[in-house]
Amino acid sequence: MAAVAVAISCLLLDATPALAAGEVVQGRLVDAANQPVPDVEVTLSQGGDEVASVTSGADGRWEIPVPAPGTYEVGLDEESLPAGISLREGAEASREVTVDPGSLRNVLFPLGQVETSGSGLGAALAQATLDGLLLGALIGITAIGLSLIFGTTGLINFAHGELVTVGAVVAFGLNAAGLHIALAALVAIPVVAALAGGSELVLWRPMRRRRASQVSMFIATIGLALLLRQVVLVVYGGNPRSYEQYGLQQVWQWGPLSITPRDASILGIALLVLVLIGLTLTRSRLGTAVRSVSDNRALAGCSGINVDRVVFQVWLAGGGLAALGGVLYGLSQAVTWNMGFNLLLLMFAGVILGGLGTAFGAVVGSLVVGLLAQLSTVFFDSELQTVWALLLLILVLLVRPQGLLGLRERVG
């Protein structure tokens, strides 16, 4: 546990862009359906004097370079909001931020009036449930590989989040070069799968044969994560970007529920992939071999299963799923250099909540995490949504240490 604490501390220290040029205040404006809100005026002021003013772009993003470190007020002009859109109840139109040297500060203005009683509350809960299913399904796709890698090798892979980022960034590069995002994703998935499989052949398998300790390999994953993250930052840059296709879309409305065709497609693809993974693990020879290696590696080897080949295939599948999750998440939100790192904590929460080493546990845990994270935004600030998911994780582990679907180990 001490090693895990040290690892998380190292990752958090690396969470800010080391190559940020000057100081920047930025944000993204989206409505209750997670659609970008363009042409909204945002003002930066200090001591009552206006420093700069910008309007949000077509993707809802705005960015203001700060002349010098210090404390500023960031204000949103409510009169510039489109008809039918307003700040959420309790949200303030002005936020005070402290900008440190070389830092990039994100400022959120939650939009979309949410009632707190009667039918308004029911509608908000219904919408949050739909959004939670989408988030949970995306976390589940990325977390399955993380869980299976741990189940077959015992390795806690802190570089898994970077596989998510690399998949999204590779697809973005191909998409920017003129390839449709669907075709770009089909190329990005095997590229990242090859990267994950290559790391197994070059790093993890040789380390296991040299009988390297799990702590040593765990720390090596942290180093690999930091390396990949900085490479992506240098190559891709620190600014969030969006894919060329499926930007602004008409919202589908079903009673209290609203969703875009893009997000509906993402949810459908994610759920279909999760079902196919479940069928593969339960109905195929590969799935049987993976479950055997996860249950008892030594016994699986004695039974004639090529353990090294199964582990290699798990790394390939884990990398491919991470890439797919990255592309889908990038479509739903935006592609950023640290998107995988931002998802990593939720991935670990889903994996641990469902039960370490079990694919189905990772899916169930991820869905629970996604639902709670989104449902909490109905009553609390959206910036705290991760906190409530982690609080649930702690409470469940106090009652059931093996997770929701994990099996209690026999000792003795």
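The backbone N, Cα and C atoms fix where each Cβ goes, glycine too.
Marked as signal peptide by TrEMBL: 1-20.
Per TrEMBL, the feature transmembrane segment maps to 133-151 (among others).
As annotated by TrEMBL, transmembrane segment applies to 183-203 (among others).
Summarising the annotation, TrEMBL assigns transmembrane segment to 215-236 (among others).
Per TrEMBL, transmembrane segment is recorded for 264-282 (among others). Listed as Cβ neighbours of the transmembrane segment (264-282) (distance under 8 Å, sequence separation of 6 or more from its ends, same chain) are residues 133-134, 137-138, 140-141, 144, 252, 290-291, 321, 324, 328, 331-332, 359-360, 363.
As annotated by TrEMBL, transmembrane segment applies to 310-329 (among others).
Look at TrEMBL and you will find 360-380 (among others) tagged as transmembrane segment.
The feature transmembrane segment is assigned by TrEMBL to 386-407 (among others).
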Recorded stretch that, among 133-151, 183-203, 215-236, has the most CB pairs under 8 Å to the transmembrane segment (310-329): 183-203
Positions whose Cβ lies under 8 angstroms from the transmembrane segment (360-380), at least six residues beyond its ends: 110, 114, 121, 124-125, 128-129, 131-140, 143-144, 146-147, 274, 278, 281, 346-347, 349-354, 386, 388-389, 392-393, 403-406
